[in-house]
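Novice: Handing you a structure now.
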């Protein structure tokens, strides 16, 4: 039985939305690296597990997620990326998830989203937040280094393929090929040949397309059915896109979008969802709303939703 | 509060302190955002930096949204200036720290009179900044012109900045007269997110009053629309949390309510477009240019914002009923490229 | 101080570094160096802090607002570092210039620090060093310095000589009449605290005219600050004077054309009520309160609705019930069906508080019908506010009466779509159960309580589990054995692991209240059975449960049944199962 007292204390602290010290972050990331380096690009996950979509630094809403879903380790979780950016508590959110990963590696799986990147976090807030909360960019550097070690995808009981965005057109309909991508190649993952793409979006027609807005591909129903058939999987579970109802089926229930950031950007008015899979992969969606004001404590600076005023 | 939680069921009980200060603070927010977008290269504005010190980075969809707003308003202004050949007035209602006057001075476009009105607390700060910066002051007086100052008002030969409560029409009238307004001269009124803060009845009174006083006028109004949905509810709650109530929101339910507000107040006609349409009317080259400035990975966020803001153009008489947002061949000379 | 022993070159070091850092391009570095200013001052010693550091800081005040803010903050706590109160005047010049900058946050912080430092001056030093600063700020060219000046009156006034006092009152009057609205606002904002330190005769002769004038300002933001000052002033004056000097202005504010001013009156209503006393309340404030309850602006109605309870509670006891029934309730009844959800919700958060004032009969007659409407309100917050406050009505009319009237509504809310509403109902269950008795509970509510154990929201299952324990505390172990344990044990065989987990969570708490016999005979076998569960989460919860229930088991049972199971779990393939098994083994051994 190893001594978890420091880690448990850090988890308790982070659960109160208090940051841990810079040297603690450094040590945490080092430990996380040891664990993540063992994980494959397609991380195997066993049911039962609860699958979650984007969180985006909405710390109090993540706590709400655990309220409706149950805590780690009692419940197993798979988070499909985009832990940081946009929300006001990316630091606390990411470090809490990472600390839970280090404390209970078998109970929680974190895969990488397109916001787990050096470039994007400099535009969408995580970089600024680290600087504001720690007075230097060291914590941002530790965190972005660890981003490179996250799995790109996961497969639950060999049947449900989970990825942040979706599929990409590069030749790789086989999961084996995804597995062969060098996990330490860093940025190469987003630009190089890989079967999965952070920015991919399901599209109405068949075949492939290029996303009209920003990076990423569109993938059609035929692409999915071929992928699913070849790899003998039942469905693809992904996040990445805001869906107002929290979850959304595509292509005759072969692709599912799960979105777990309620009232995204504190503005969008959407509800959030998590997908609970029991030990028989029976699906149950739990819908939840943003945490009420009272549960949020008094933050140092009142964050505000952005509008045109 | 992490904002706005208002999507939660208990989200609406938070402390609320209403006053004009909260509305006034929206000018700071808008000015910060414009400064940010200018710094990133969305459009050119050599003057906003004098008024805003904040360097905070805003999200790409916010920058693009402000770009569409500035560009949309300026397209209308430009057409109006061309049509009147400068024989006209501009009256900027709730001007905030808007820099249009200064930018126009650097172009070939000159107008007879440029009048800016806002709360005295805003104009006092704007006066303060203008007075302390020679670059700004120099664009208000010519060689022999003099600038008259009070703490809240500033009068140049063809520029007048005055503190006034737009709900008080007697005061508006007397201020406009101090600014040597010419009620018979073609006039364009600008209002960016201003009317929405004014109680509906006060707003109608203001629009009626303008319609009675002026002979030929255009009103360019940028503000919220389609507020009758979940996004609108959340916005009302969020702004309420900041002490800001959208007192005129009933006119922001649809493009129809937006147009009708003018038509029911004595204006000859009105057209309205949501910001999706406005954005699409900006030249493709220009859009491509700014879309390359920053990666926007979530188009749906911008779309949702654009669907909830609009540009309304209303006119008095028939001379200016063709002022709209379609782009002309001649590229903007308003210094915004 | 170690630094004072060092060589000259060495002791110059801190200020050189500081200068260097303060010139660095990186704001963050400049900010960090300002934040450790006190360390540098300590290293320099008091004398050099006064002669070098402070002048340097005073000269270099031109930086990002963030840095200035940090500086303004630091200087407020610098008195001991410059040599104590007799040298505090050294801090005034840098703070004075910080009090004139453009950024409001920096100015406010500088004023705050000036107030702290001013209070540390001796009366003589105050007049020599702080009062001139105040006067310079009052006559500053820019509104920034005049705004800052307003904050210094209350701290200077009580400690200066009579002639200076007269000057200060004249200065304050000047600021109240300033042309810039921000300055008038700052004056209105500080009027209340200034009033508290001014002698009553001057309060009446000088400050009240200022107050009356500010309350008629053309800016509503100034007027609403005057309303705040109104409370402070009313508290300082005898009733007679309040009636003549303050009430006319208050009446005018309550019907101000700006709803924001009316809102502020609503916000301050109870404070005003306390300040003016029962007679003026009855004659003047009750009508004003009614007026605000009917206000055209929803924000005003919502604000005044939250004051209903406190306003009524502060009515004089002789007339309280009569005033509530005849003058307040008719208006409250209208608010129950207000078109605005904020108003309804605000009312729902306080309305139950009227019950103790009205007593049982009037509560049943007048209030219960309103509660019933609110329990069915379309806005979940209204429902939640009513349910969460039911207990204060219990005390008045007894739960029997309450539950008879409200039970159908409560049963309906047990399945509300909002989980926080369900949660509030669960939390009300133990009290309800205690009052209704076991038979009635078994008939009407037990099914609901069992149903919550299978809710799809974890927080509800958790609360339902805890509820089980409280119910057993009410009805006893034999009831548990017969009425709920069989149903809970069945859950251990459910196909869905979540139900098996909930079963374990229930056993954790039931062991505490059911005693050794039931725990050994009924609960333990099920726990042991689940040790072989295919799902790791269930298995490690078995380990946790065994540790939790072991205090309620005989040592022989632990040795024979618990330990072997834990030993087996301690060799599990799952890391967490092993971890919690090892923890349980250690925990039981230590017990």
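Each residue, glycine too, has its Cβ placed from N, Cα and C.
Owing to the predicted nature of the structure, the values given are computational and were not obtained by experimental measurement.
So Swiss-Prot lists these for the protein:
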MOD_RES   C:2  N-acetylalanine
REPEAT    C:10-48  repeat 'HEAT 1'
REPEAT    C:49-86  repeat 'HEAT 2'
REPEAT    C:87-125  repeat 'HEAT 3'
REPEAT    C:126-163  repeat 'HEAT 4'
REPEAT    C:164-202  repeat 'HEAT 5'
REPEAT    C:203-241  repeat 'HEAT 6'
REPEAT    C:281-323  repeat 'HEAT 8'
REPEAT    C:324-362  repeat 'HEAT 9'
REPEAT    C:363-401  repeat 'HEAT 10'
REPEAT    C:441-479  repeat 'HEAT 12'
REPEAT    C:480-518  repeat 'HEAT 13'
REPEAT    C:558-591  repeat 'HEAT 15'
Novice: Can you work out which residues elsewhere in the same chain, 6+ from the ends of the repeat 'HEAT 15' (C:558-591), have a Cβ less than 8 Å from its Cβ atoms?
Specialist: 524, 528, 531, 536, 539-544, 546-547, 550-551
Novice: What is the number of residues in the repeat 'HEAT 15' (C:558-591) that are helix, strand and coil, as DSSP sees it?
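Specialist: Once the DSSP states are binned, the repeat 'HEAT 15' (C:558-591) shows 28 helix, 0 strand, 6 coil.
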Novice: Looking only at residues six or more beyond either end of the repeat 'HEAT 3' (C:87-125), which have a C-beta under 8 A from one in the stretch?
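Specialist: For the repeat 'HEAT 3' (C:87-125), the far contacts come to 46, 50, 54, 57-58, 61, 65, 68-69, 71-73, 75-79, 133, 136-137, 140, 142, 144-145, 147-148, 151-152, 155-156, 159-160.
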Novice: Against which stretches of its own chain does the repeat 'HEAT 1' (C:10-48) lie, if we need a Cβ under 8 Å and a gap of at least six residues from its ends?
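Specialist: For the repeat 'HEAT 1' (C:10-48), the sequence-distant neighbours (Cβ-Cβ under 8 Å, at least 6 residues beyond its ends) are 1, 3-4, 56, 60, 63-64, 66-67, 70-71, 74, 77-78, 81-83, 87.
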Novice: Under 8 Å between C-beta atoms and at least six residues away from its ends: which parts of the chain pack against the repeat 'HEAT 10' (C:363-401)?
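Specialist: Contacts with the repeat 'HEAT 10' (C:363-401): 325, 329, 332-333, 336-337, 341, 344-345, 348-349, 351-356, 409-410, 412-413, 416, 418, 420-421, 424-425, 428, 431-432, 435-436.
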Novice: Which residues, given as numbers and ranges, are at least 6 beyond the ends of the repeat 'HEAT 9' (C:324-362) yet have a Cβ under 8 Å from it?
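Specialist: Result: 286, 289-290, 293-294, 298-299, 301-303, 305-313, 315, 370-371, 373-374, 377, 379, 381-383, 385-386, 389-390, 392-393, 395-398, 401.
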Novice: What residues in the same chain, six or more past the boundaries of the repeat 'HEAT 2' (C:49-86), come closer than 8 Å to it by Cβ-Cβ distance?
Specialist: 15, 18-19, 22, 27, 30-31, 34-35, 37-38, 40-42, 93-95, 97-98, 101, 103, 105-106, 109-110, 112-113, 116-117, 120-122, 125
Novice: By DSSP, what is the split of the repeat 'HEAT 5' (C:164-202) into helix, strand and coil residues?
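Specialist: Tallying H, G and I as helix, E and B as strand, the rest coil: 33 helix, 0 strand, 6 coil.
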